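K.L.:
Questions regarding the structure given below will be posed in turn.
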Amino acid sequence: MQFLWLCLLSAVTLQFTGTLAFYPIKLPDFTKGIISHHGSVGRRFFTFPGLYKHAHTGSTTLNIRRGPSNYRRDNNYPAQIASPPTAPNTLGINNDGYDFSYFSEVKVGSEGQKMWMLIDTGASGTWVFGSDCTSKACGRHNTFGKEDSKTIKVTDEKWGVTYGTGKVSGVIVNDTMSFAGFELVTPFGSASTASDDFLNYPMDGILGIGPQDPNAKTPTVVQLLMQQKLLKSNVIGINLQRASEGATDGQITFGDIDKSKFSGELIYSNVVPNGYQWEIAMDDLIMDGKSLNLKGRTGIIDTGTSFLILPPADADLIHSMIPQADKGSGFYTLPCSTKVDIKLSIGGVEYTIQPDDYVGNETATKGTCNSLIVGRQILGPKQWLVGDVFLKNVYSVFDFDKNRVGLAARKYAGTKNPPSSTPSPGMFLLHAIHCQKTISVLMLHIDPTSNKAPSGGSPGLPAESGSDSTTNGEATNGATSSPNSSSSVLTPTWLTLAVFFAIGSSLWS
């Protein structure tokens with residue numbers, strides 16, 4: 001297995017101690033036909049063909065004062081901007097309009113340079129594009145450097161993230177980051193070079209909020225918040241919005257839980273033993289009421305991953321339950337009208353995955369869409385990468401003190417088909433072997449010459465029953481845990497940001 005690490009580096013001499021990787025996926029053909037979603041056509045517009053079947057045709061409509069709108073930065077990346085949050089220590093999460101990447105505005109340096117930062121629970125490292133970067137990709141993003149801040153301290157410590165097809169690299173800098181009511185002095189990576197792979201990415205950097213390897217020498221952004229006792233409690237609550245619903249209430253809350261964003265109670269699952277990711281045990285997958293008996297699986301809960309990515313054998317089984325699903329050239333397609341009820345059972349609760357979230361855009365064959373459940377062997381034989389296809393349906397809580405993940409059914413106020421969760425007949429306690437120490441990036445690649453829209457593109461041990469109740473009506477289940485300007489609109493002819501995640505420990509010492 002090849003490796004990749006997205007990491008916040010310490011202010012000491014850093015050396016690579018592992019192999020780094022990038023996983024491209026070539027998807028089948030597409031058409032430029034767009035299917036309207038089932039909601040109000042007037043609520044949302046895109047300026048180019050959508051990746052999901054609910055995108056619209058039509059010219060850009062800007063509504064500055066009210067309702068969801070397609071706000072556009074000087075560097076011409078589209079976004080569905082989140083409504084200003086009302087809860088304290090909360091940051092709005094913007095959507096790229098396709099539910100593929102979620103990012104927030106962070107102010108960096110003494111002058112408050114605005115940067116769009118990918119919210120990534122799959123990595124603990126933080127970095128931005130540096131103003132000294134001359135790469136083409138940097139010219140299409142907001143950058144940050146000496147001219148933007150009086151307080152920046154540039155070190156000579158090298159930093160880099162390498163992909164199979166390119167890389168981003170530079171040095172470590174120290175400066176302030178302001179977000180969600182906090183102002184924090186922190187080290188982070190400043191990219192002086194970046195490959196063309198970043199040309200169409202909306203984000204100007206990554207804000208890593210994954211758990212840190214306890215052996216790492218440098219604290220992460222979240223660790224600094226905790227060390228300085230700036231958080232009410234050492235938890236982070238996240239709800240992602242679904243673009244097709246016209247929702248703009250995506251947000252991340254630092255130090256608290258927003259109970260208005262979910263229904264029912266939060267059910268917690270402990271992170272697998274010795275895991276340095278938000279990896280938890282999963283019970284099963286249920287389709288139209290039938291258990292697939294997918295026992296012993298674990299899932300890495302990752303906001304930086306667009307899809308539900310799982311071993312090919314599991315993907316084959318799931319699609320065998322969907323009428324007329326076809327593997328074709330290696331990536332599944334299914335009828336655009338698919339309404340199969342899919343529930344992922346975690347911690348004894350079945351969480352619905354809406355068809356709008358797993359059915360992608362239409363292919364060259366009328367009435368046939370791409371599946372956003374992707375079979376790809378990038379982890380262990382029983383490890384899943386549980387991304388936004390699932391996370392749009394839940395409110396997720398990441399508890400750093402108790403090393404656990406909490407989930408509850410997401411509440412979409414005033415929208416159609418709200419997600420639901422159903423208690424399972426029994427609780428399961430799944431133990432999982434520690435995941436391979438690998439770090440990977442998976443992206444869906446579309447032919448750059450095409451003008452067609454892309455699609456929304458460790459072995460387990462036997463299960464045993466058991467659950468532990470906690471206070472405040474919560475329950476716990478699981479294994480015991482130890483902008484620069486561009487002259488033209490950037491059309492995403494290849495998928496901009498499918499997956500950013502990190503598994504294991506730091507590749508630097």
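Every residue gets a Cβ built from N, Cα and C, even glycine.
OK, Swiss-Prot features for this one:
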SIGNAL    1-21  signal peptide
DOMAIN    102-408  domain 'Peptidase A1'
ACT_SITE  Asp120  active site
CARBOHYD  Asn174  N-linked glycosylation site
ACT_SITE  Asp302  active site
CARBOHYD  Asn361  N-linked glycosylation site
REGION    451-489  region 'Disordered'
COMPBIAS  466-480  compositional bias 'Polar residues'
CARBOHYD  Asn484  N-linked glycosylation site
LIPID     Ser485  GPI-anchor amidated serine
K.L.:
Restricting the comparison to the recorded positions Asn174, Asp302, Asn361, which residue's C-alpha is spatially nearest the C-alpha of Asp120 (active site)?
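P.N.:
That would be Asp302, the closest of Asn174, Asp302, Asn361 to Asp120 (active site).
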K.L.:
Average pLDDT across the domain 'Peptidase A1' (102-408)?
P.N.:
93
K.L.:
If you count the C-beta atoms lying within 10 Å of each candidate's C-beta, which of the glycosylation sites Asn174, Asn361 ends up with the smallest number?
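P.N.:
Candidates: the glycosylation sites Asn174, Asn361. Fewest Cβ atoms within 10 Å: Asn174.
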K.L.:
Using all protein chains in view, find how many other C-beta atoms are within 10 Å of the C-beta of Asp302 (active site).
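P.N.:
Excluding its own Cβ, Asp302 (active site) sees 27 Cβ atoms within 10 Å.
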K.L.:
For the C-alpha pair, I'd like the distance in angstrom between Asp302 (active site) and Asn361 (N-linked glycosylation site), rounded off.
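P.N.:
So the alpha carbons of Asp302 (active site) and Asn361 (N-linked glycosylation site) sit roughly 23 Å from each other.
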K.L.:
If one measures from the C-alpha of Asn174 (N-linked glycosylation site) to the C-alpha of Asn361 (N-linked glycosylation site), what distance in angstrom results, rounded to a whole number?
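P.N.:
Asn361 (N-linked glycosylation site) has its Cα 42 Å from the Cα of Asn174 (N-linked glycosylation site).
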K.L.:
What three-state class does DSSP give Asp302 (active site)?
P.N.:
coil
